[in-house]
C-alpha cells in the first residue's frame with residue numbers, strides 16, 4: 001500500500017501534469033510561453049522521481065516525462081515537445097493512481113481522487129505563474145475548481161468521521177479543515193481583489209493545501 005506522503009505527491013503531480021498538458025495542447029500560447037511551459041515540466045519530473053523509491057509504479061511516468069522534458073525546447077519555440085511521450089506519461093500516471101487506489105480502502109481512494117483535482121490544480125496554478133502564463137482563464141478557473149474539490153474532500157472526511165468519531169479523528173478533521181480553509185482563502189484572494197495572481201500567495205496556498213491533504217490521508221489511514 002502506498003504511504004501517506006507518496007499518495008499526496010502522486011495526486012498533486014498527476015493532476016498538475018494533466019492540466020499543463022491541456023494548456024500546452026489547447027492554450028493560446030506564444031513561443032516564449034511554450035518554452036517556459038516546457039521548462040516547468042521538470043518540477044513534475046522531480047515529483048515523480050521523489051516517490052519512485054517508495055512506490056515503484058511512479059517510475060513509469062517519471063521516465064517517460066523525463067524523456068519528454070529532455071527532448072523539449074525551453075527557449076522560444078512554436079513546436080511542442082514529443083506529444084506522444086507526454087500522453088504516454090499521462091497514461092502511466094493514471095495507471096499509478098489506479099494501482100494506488102486499488103490497494104487502498106474506499107475512503108482513502110476517494111480522498112486521493114479529489115486530491116488529484118485539489119492539489120493538482122494548485123500545483124498547476126503555481127507552475128503556470130512560474131512560467132509567466134498569460135492565460136487569464138486558468139487563473140480564474142483553477143481556484144474555483146480547488147474550492148469545489150475541497151468541499152468534496154470535506155464531505156468525505158465528515159462521513160468517515162461520523163462513522164469513526166474518536167477524539168483523534170475529530171482533531172485531525174478540525175486541523176485539516178482549518179488548513180484547507182486558510183489555503184483556499186489565500187488562493188482565491190486575487191479574484192476578490194481583481195489583481196493578477198503572484199507566486200508567493202499561491203505558494204502559501206499550495207503549502208497549506210498540501211498539508212491539509214496530508215492530514216486527511218493520515219487520519220483516514222488510521223481507521
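Including glycine, each Cβ sits where the backbone N, Cα and C put it.
What TrEMBL lists as transmembrane segment is 7-25, 40-70, 82-102, 108-129, 141-163, 169-188, 200-220.
When Cβ distances are compared across the two stretches, the transmembrane segment (7-25) makes contact with the transmembrane segment (82-102), since 3 or more pairs at least 6 residues apart fall below 8 angstroms.
Long-range Cβ contacts of the transmembrane segment (40-70) within its own chain (Cβ-Cβ under 8 Å, at least 6 residues beyond either end) map to 2-3, 5-6, 9-10, 12-14, 16-17, 20, 81-82, 85-86, 88-90, 92-93, 95-96, 99-100, 127-128, 130-131.
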